[in-house]
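A quick write-up on the structure given underneath.
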């Protein structure tokens, strides 16, 4: 039986040959500028005391729906630190946005799931991508890598694809403030169990899912050379503003479905319950969905599976049997053909179809994530090979044993109720340079990789 190390080596060689064969990926809808701040515990403690420690602690127990005060901002950051979990909230208040701006940042990077995936797939893997950018400022355009990355523009009613840097306008800056902390980061008596981040979105375009005219009026033309699509960005919507953007998303999905283009939804933490319900209602129009334990638990709550939702968040590592049960419920409820679950330490994929290529795509994705964590940025497909030196997560052995006992998993592949379940232990980078964009790297690499293995 091959070892995980052998399976990993085989998967990256396969991916290097096949990924560049993918001829076009559509990426929507959220692209922004990430202002990354590496937190300092003394500075954070001082800010918490100044804002009112008691009030801040209250918000670190339970997240607000959105941020309107400095104590809500600091409490939300503390919520993430205490759990080692990522979260993202909309910053509605201008004074809080100004506070964040004055607090500053250490670096500016490409942000938003579509933007991050565009740089990875187009700039690193060399796969042609068409990306939706709600506001294309000069600063935003310059954060795109060189390579086959395109934005559609309308010239005399005709759709023209250009690299973002060739765009002649200068629209608004959409900035998301990202507060990063390492494992063991201490604030008062609290300690982060693992590295992660909190995101405050100070942006009125991505947060309302503003969709450009080209994607509303000329969508069929925009996607004429596309083989796959990945959509994201629905997470910031609220019950007050979701209706209009959802209509546009549904009409885009109808066109993609008519052309039999597989579409992946990259789920993200969605605070609004009504929006989660609506996402669940349209999930059947997607071929695939990607999510983590917090996101899966939030969907189980909508399905009335409160006990299962609690179970998903109760253990570290996350209980794979609970995850599989939740994925089965989601697949049966929506008809989605592929569910990719990623958590710290292992990935699972539940698919209607069978084949080792599903597992191999997860292995490729885990290597891409490890390479990104190790280096901060990947510059080529070949560079991902270097991550084969990162050790496989030992804690995942107990996960694998549970899956073997329950579903007879062998070499990472098993069967459950007519579906295939694929499992892989990930590679853990002890001191990652950054955690931003790792989830997007995992999901897009797995989806594109799996498709490329069938070409």
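Every residue, even glycine, has its Cβ placed from backbone N, Cα and C.
Of the listed candidates (293, 295, 406, 411), Swiss-Prot assigns 295 to the same Mg(2+) site as 266, 440. Of the listed candidates (284, 437, 439), Swiss-Prot assigns 439 to the same ADP site as 195, 292, 342, 343, 429. Swiss-Prot names 34, 88, 112, 113, 440 for binding D-glucose. Of 132, 163, 176, the residue it gives for the same site is 176. On the 0 to 100 pLDDT scale, the domain 'ADPK' (2-455) averages 97 in this prediction. Within 10 Å of the Cβ of residue 295 (Mg(2+) binding site) there are 22 other Cβ atoms, across all protein chains. According to DSSP, residue 112 (D-glucose binding site) is assigned to coil rather than to any helix or strand.
Comparing CA positions across the binding-site residues 34, 88, 113, 176, 440, the one lying closest to residue 295 (Mg(2+) binding site) turns out to be 88.
Residue 34 (D-glucose binding site) falls within a strand segment according to DSSP. Under the DSSP three-state reduction, residue 295 (Mg(2+) binding site) is assigned to helix.
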